[in-house]
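Q: Pulled the feature table from Swiss-Prot, pasting it below:
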BINDING   Gly328, Pro329, Asn330, Thr331, Gly332, Gly333, Lys334, Thr335  ATP binding site
DOMAIN    702-777  domain 'Smr'
Amino acid sequence: MNKKILETLEFDKVKALFEPHLLTEQGLEQLRQLAPTAKADKIKQAFAEMKEMQALFVEQPHFTILSTKEIAGVCKRLEMGADLNIEEFLLLKRVLLTSRELQSFYANLENVSLEELALWFEKLHDFPQLQGNLQAFNDAGFIENFASEELARIRRKIHDSESQVRDVLQDLLKQKAQMLTEGIVASRNGRQVLPVKNTYRNKIAGVVHDISASGNTVYIEPREVVKLSEEIASLRADERYEMLRILQEISERVRPHAAEIANDAWIIGHLDLIRAKVRFIQERQAVVPQLSENQEIQLLHVCHPLVKNAVANDVYFGQDLTAIVITGPNTGGKTIMLKTLGLTQVMAQSGLPILADKGSRVGIFEEIFADIGDEQSIEQSLSTFSSHMTNIVDILGKVNQHSLLLLDELGAGTDPQEGAALAMAILEDLRLRQIKTMATTHYPELKAYGIETAFVQNASMEFDTATLRPTYRFMQGVPGRSNAFEIAKRLGLSEVIVGDASQQIDQDNDVNRIIEQLEEQTLESRKRLDNIREVEQENLKMNRALKKLYNELNREKETELNKAREQAAEIVDMALSESDQILKNLHSKSQLKPHEIIEAKAKLKKLAPEKVDLSKNKVLQKAKKKRAPKVGDDIVVLSYGQRGTLTSQLKDGRWEAQVGLIKMTLEEKEFDLVQAQQEKAVKKKQVNVVKRTSGRGPQARLDLRGKRYEEAMNELDTFIDQALLNNMAQVDIIHGIGTGVIREGVTKYLQRNKHVKSFGYAPQNAGGSGATIVTFKG
């Protein structure tokens with residue numbers, strides 16, 4: 001479609017109304033490239049996508065898409081053989097994450113029938129191995145240590161060397177305190193230095209890196225740390241080299257999939273654009289129109305999207321109707337009506353919703369032409385009439401039966417009699433060529449043309465004679481009146497003068513009376529139509545309310561089932577808690593032996609069911625299935641605390657995972673799902689089995705690192721029981737340093753336990769304050 005009509009109708013401003021609802025740069029780019037098409041299948045597809053997205057929002061009103069940046073240039077660089085930097089990898093990582101989130105959303109979607117949208121969701125790719133590779137880059141733009149073994153080794157050495165430098169400098173701060181201007185370690189030229197008083201500069205051997213402005217302070221790098229600093233500099237160079245190697249290696253792994261990733265990004269943007277259209281529908285009460293096969297247009301309560309508080313109007317352009325001629329005075333809204341028709345058609349043929357009521361229909365036109373406004377050229381010295389006529393001549397040479405033509409103030413700018421005759425001749429030519437046309441004019445002669453000519457219809461814009469203001473209501477089938485006499489009379493002109501004027505045009509009175517009757521009939525019809533629409537709106541509200549109630553009832557059923565399970569679990573927990581209290585009371589009041597108390601406690605636990613049998617509960621089954629690991633899931637390797645991605649499951653049930661550049665084989669118990677870590681509220685109690693270890697007598701170890709407080713205390717209780725049953729003399733409890741909450745809980749527990757003889761922190765080489773050694777009474 002020609003660009004001039006899009007500029008005339010300000011289509012770019014209309015597209016900008018959708019931008020606030022977009023979440024991705026891909027969607028924004030597709031919106032900006034959006035243009036009307038005459039291909040019916042493309043328009044139908046866009047309409048179907050919007051309707052399906054509306055249905056999706058009914059079930060998932062908070063459906064959203066992760067924001068993504070444009071990656072077309074990144075993928076192009078990959079295809080050309082370039083290696084990517086960290087920032088570019090993060091862009092790809094975000095796209096892959098968004099793709100996976102959308103796939104997961106689609107897999108769990110229920111109660112919605114999708115056809116067009118399903119094609120897009122199902123075309124998204126899953127790259128579990130690439131996702132594992134890209135875990136090497138964290139969101140802060142840092143390459144993780146687990147990206148490669150060599151990088152981890154280098155960074156460990158850097159850390160050790162830096163620790164040595166700090167230790168040496170701290171010792172020197174204490175030893176040379178009287179020689180320093182300040183008791184701090186400074187940094188100069190990337191080196192750690194001491195601020196030495198100038199009078200003592202020869203007392204501390206080392207390299208001078210700087211002198212203060214006053215000359216009183218000399219910044220010296222002590223000789224003891226020079227060699228270490230050089231080692232660190234060398235290691236930093238090795239680190240940079242290894243990071244470049246990692247970037248090159250991952251670039252090579254991603255390169256074969258560049259086109260697929262770019263396609264995924266386009267699909268994400270397309271889904272985002274469809275989502276934005278539906279958000280616009282919700283915000284502006286817009287609709288997806290029906291598509292007419294025969295250029296029939298029926299717009300119900302249509303509004304101009306760029307006009308604030310626009311008056312809604314009905315427009316019906318039947319199959320046989322070739323022209324609608326809007327007559328009447330200026331400033332009544334004729335031009336806005338013209339633009340509303342054209343812009344609504346452009347929006348619909350671009351696959352966008354329109355501001356109208358349900359039941360509206362649009363046609364398909366190969367081209368839309370318009371001559372609107374004063375486009376005269378000062379440089380060409382053209383008059384208003386010449387400017388319009390030049391444009392119209394050009395249009396008449398291009399239009400055909402598949403075009404829509406909009407003409408504003410046809411024949412204006414010249415002698416009224418000649419202008420009216422020319423306007424009628426142009427309209428007649430268009431009628432004979434069966435070209436749909438909407439034209440505005442203030443020539444009264446065209447009223448008769450509209451009445452007498454087949455397939456041509458008059459129309460006007462309503463004017464309120466009581467307030468002397470236009471109402472901007474479109475009155476199809478009713479020719480316009482100037483209302484000059486009524487206006488003059490209300491403004492105070494003498495009735496004698498008005499009477500003389502009306503007598504001079506008595507021959508037109510019959511026509512005016514007919515027009516007045518038509519206006520009254522149109523107003524009556526409009527009132528009836530408004531009443532019908534009110535009833536329809538009430539019905540729609542009731543239908544939505546019933547649907548909402550139905551969905552709420554279903555959700556309440558699921559909630560009740562979950563609540564029943566929680567209540568059952570609470571009862572079990574209460575019973576176990578009461579049994580613990582009973583046993584504590586027995587222990588305090590009697591001389592029962594420890595193993596007898598533990599055996600009694602175990603028997604009580606057996607009385608309580610481990611879980612409530614809700615195997616037939618579909619909601620719980622779905623939740624359980626959702627927690628099960630699957631290919632593509634992000635995981636945390638428990639032994640390393642590093643993130644990775646599951647790439648495949650082996651026949652023996654174990655999983656292969658990509659952790660940075662390292663591929664690992666893991667059992668399910670050796671990793672945890674990232675999503676499960678974030679979402680699970682209740683974890684099944686895990687009991688660490690006490691094992692005897694070789695060495696100095698019987699020993700046992702419990703690792704509580706990474707546990708929640710309640711979980712850690714439960715495991716500690718069970719662990720101590722088992723240690724006593726196995727007659728252990730001593731056990732180790734690893735709780736880490738962290739925030740100190742679990743360490744404090746362990747201390748309080750051991751203080752209360754009467755079977756504990758003593759406890760204390762482990763030696764520095766065995767964990768220090770991160771571990772506690774417990775000795776039991778004999």
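Placed from the backbone N, Cα and C atoms, the Cβ positions cover glycine too.
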Q: Give me the DSSP three-state residue breakdown of the domain 'Smr' (702-777), ordered helix, strand, coil.
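A: Split into helix, strand and coil, the domain 'Smr' (702-777) gives 35 helix, 19 strand, 22 coil.
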Q: Let's check the environment of Gly333 (ATP binding site): how many other CB atoms sit within 10 Å of its CB?
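A: Total other Cβ atoms inside 10 Å, all chains included: 25.
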Q: I'd like the Cβ neighbour count for Gly328 (ATP binding site), meaning other Cβ atoms within 10 Å of its Cβ, all protein chains included.
A: 27
Q: 10 Å Cβ neighbour count around Thr335 (ATP binding site)?
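A: 18, counting other Cβ atoms within 10 Å of Thr335 (ATP binding site).
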Q: Counting only residues 6+ apart in the same chain, whose Cβ is under 8 Å from the Cβ of Lys334 (ATP binding site)?
A: Ile326, Gly328, Asp408, Thr440, Met461
Q: Measure from the Cβ of Gly332 (ATP binding site) and count the other Cβ atoms within 10 Å, all protein chains considered.
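A: Within a 10 Å radius of the Cβ of Gly332 (ATP binding site) lie 25 other Cβ atoms.
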